[in-house]
C-alpha cells in the first residue's frame, strides 16, 4: 500500500475512498504519533531498536500464549516497519485519514502497533 501511495500520490495529495469516512492522503512524518518530536530520527531509531529487542525477548518468553504471541508479533511488525522507513527515508509515510473525526493521518505500522497493544491489554485482563 505504501509503495503504491508513494508512487502514485504527490506529497499532500488526497483522494476519497469512502466519502466522509476514509481518505488516502500522502504525508511524510518525521515525528512520532501526532508528529511529536518531529525531526529527531536518531531518537526514534534508537527507541525502536531497543523496543524490538524487548519485544523479541517477550515473544520468546510468552510464545506458548497465543494472545501474547499475536499481540507481540503485531508490535514487532509495526516497530520494524516504521524503523525501516526512518532509516532509509528519514521519515515514515502516513496515508490513512479518517474524515469523520479530527484524528492524525496514520499508516499500516501504526495500526499494527495499536491493535497489538489492545490484544496484549486483553490478554493481561484475561489472565486476572
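All residue numbers here begin at 1 and follow the chain in the order shown.
Backbone N, Cα and C atoms are what each Cβ position is placed from, and that goes for glycine too.
Residues or ranges marked as transmembrane segment in TrEMBL: 39-59 (among others). Away from its own ends, the transmembrane segment (39-59) comes close to residues 30-32, 68-69, 72-73, 75-76, 79-80, 82-83, 86-87, 90-91 of its chain (Cβ-Cβ under 8 Å, at least six residues beyond either end).
Among the features that TrEMBL reports, transmembrane segment is placed at 66-84 (among others).
The active site feature in TrEMBL is assigned to 94 (among others). Cβ neighbours within 10 Å of residue 94 (active site), excluding its own Cβ and spanning all shown chains: 22.
Positions annotated as transmembrane segment by TrEMBL: 104-125 (among others).
Here TrEMBL flags 110 (among others) as active site. In this structure, residue 110 (active site) is part of a helix by DSSP.
In the three-state DSSP scheme, residue 94 (active site) is classed as strand. Here residue 110 (active site) is positioned 9 angstrom away from residue 94 (active site), judged by their C-alpha atoms.
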